[in-house]
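Copied from Swiss-Prot, the annotated features are:
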type     : residues                                                   : note
ACT_SITE : D379                                                       : active site, proton acceptor
BINDING  : L266, G267, A268, G269, Q270, F271, G272, E273, V274, K288 : ATP binding site
DOMAIN   : 76-136                                                     : domain 'SH3'
DOMAIN   : 142-239                                                    : domain 'SH2'
DOMAIN   : 260-513                                                    : domain 'Protein kinase'
LIPID    : G2                                                         : N-myristoyl glycine
MOD_RES  : Y50                                                        : phosphotyrosine
MOD_RES  : T200                                                       : phosphothreonine
MOD_RES  : Y207                                                       : phosphotyrosine
MOD_RES  : Y409                                                       : phosphotyrosine
MOD_RES  : S460                                                       : phosphoserine
MOD_RES  : Y520                                                       : phosphotyrosine
REGION   : 1-20                                                       : region 'Disordered'
REGION   : 35-71                                                      : region 'Disordered'
Amino acid sequence: MGGRSSCEDPGCPRGEGRVPRMGCVKSRFLREGSKASKIEPNANQKGPVYVPDPTSPKKLGPNSINSLPPGVVEGSEDTIVVALYDYEAIHREDLSFQKGDQMVVLEESGEWWKARSLATKKEGYIPSNYVARVNSLETEEWFFKGISRKDAERHLLAPGNMLGSFMIRDSETTKGSYSLSVRDFDPQHGDTVKHYKIRTLDSGGFYISPRSTFSSLQELVVHYKKGKDGLCQKLSVPCVSPKPQKPWEKDAWEIPRESLQMEKKLGAGQFGEVWMATYNKHTKVAVKTMKPGSMSVEAFLAEANLMKTLQHDKLVKLHAVVSQEPIFIVTEFMAKGSLLDFLKSEEGSKQPLPKLIDFSAQISEGMAFIEQRNYIHRDLRAANILVSASLVCKIADFGLARIIEDNEYTAREGAKFPIKWTAPEAINFGSFTIKSDVWSFGILLMEIVTYGRIPYPGMSNPEVIRALEHGYRMPRPDNCPEELYSIMIRCWKNRPEERPTFEYIQSVLDDFYTATESQYQQQP
């Protein structure tokens, strides 16, 4: 819960996501039971018929004994939450609230919880990521739950923060412990972030340095706001935390076409178009329209149910589908479009190398998640990465590559087959695995470091295939560090099993500039 770090854009009404072509596949997925079943419409109810979201837990009735966790009594401190942000109701059953309002949780299920306002006694659904339990750390502006060290750095270095901006977060390595992250400046590296382990006393207190101990984290913050006492900076203000994206509407999975108002065509791909649209007059989304006949509706629905379960900060969120032809795929809206277009734009072409490495690290984090879940992307390239207004990169188009029914795309001779991104064993034998994704990631790194240049410039597809068979690999561009190029070369090993894992690639890219020094400051 809490987790105020999930959205990256202050101006984003409900997420951002512009989708090109899709592509993540569970290697061995048993399709039984994967089709959503339609719900009988209520005869008196005006409005769309919704099909349950395949990822949401079974609904509990408002009076269900299991609505709350075991041992939790309604109205006890455990069930009272406080609003971290204002929320204006947009669905019929929602409850509006102001930052600071307190509510009793009646039912916890999925991303929308049923609650009653203590002030107005009104009941309705609330977005669970907008509230925190009273007296919990999450009510503190400076506490960021479940955020990684790398994302803490991204947040603190973002515009709107200053010297001494800080956050306390859960430790990634030690369960139940915390870390303090502080924005600093040093002449050699410029703006930077320093991390301090917060250690725990046997008596339950906290300290960074044994000479200054505190009974609570709140006390620790007050102390280091007065003076730096050995830290790199005196703590100034909590890290800026924009409102998170509101969760997608409850149970709106297969939606009626009429609920989408198409507004602006963002692009056209091989299999359809991408539009900016508004869902039910209140939520900005991206809609990918698929040309009729490009895939079977049954195969698509089975794959979409699967893609919906892949939820990660660095993957574009799949919100809903229109399941009759022409198929519509509804995702979060991403303000800056594809990474390929962004890198070629005026803003993108000015991004310094450390930012390019950060883009690469974000993509490898998303791919490490896909790897961990035993999925495959099959079409990893800069055109299928989307960029948010605050330059967060998210992977799109996972899942669709496998179900496209177009020989131009599926056969290696086809005009649409992405030869230059595809591993030799996938070209020659149709063998797509996470290791062929690793090969594609090496090509994607080259796209990033050359600001969107087409791989193997000047070479035709047949020439590329022949060159690869003779051991040719793209040379290192002048602006590309040796360490980055060596990752590419490892991604392009002939034998798939010799290519690194995405988990390993992420660990190298996350610490690309700091691998030689300790991530955490020594005790002050």
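For all residues, glycine too, the Cβ spot is worked out from N, Cα and C.
Positions of Swiss-Prot features highlighted on the structure.
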| residue | record | Cβ contacts under 8 Å, 6 or more apart |
| --- | --- | --- |
| T200 | phosphothreonine | G176, S177, F206 |
| Y207 | phosphotyrosine | I198, R199, L201, T213, F214, L220 |
| A268 | ATP binding site | V274 |
| G272 | ATP binding site | K288, T289, M290, K291, S294, P326 |
| S460 | phosphoserine | none |
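Between the domain 'SH2' (142-239) and the domain 'Protein kinase' (260-513) there are at least 3 Cβ pairs closer than 8 Å, counting only pairs 6 or more residues apart in sequence, which means the two stretches are in contact. Shown are the binding-site residues L266, V274; the one with the most C-beta atoms within 10 angstroms of its own C-beta is V274. The 10 Å shell around the Cβ of D379 (active site, proton acceptor) contains 27 further Cβ atoms across the protein chains shown. Following the DSSP three-state reduction, the secondary structure of A268 (ATP binding site) is strand. It is 20 Å from the Cα atom of L266 (ATP binding site) to that of the residue listed as 'active site, proton acceptor'. When pLDDT is averaged over the domain 'Protein kinase' (260-513), the result is 90. V274 (ATP binding site) falls within a strand segment according to DSSP.
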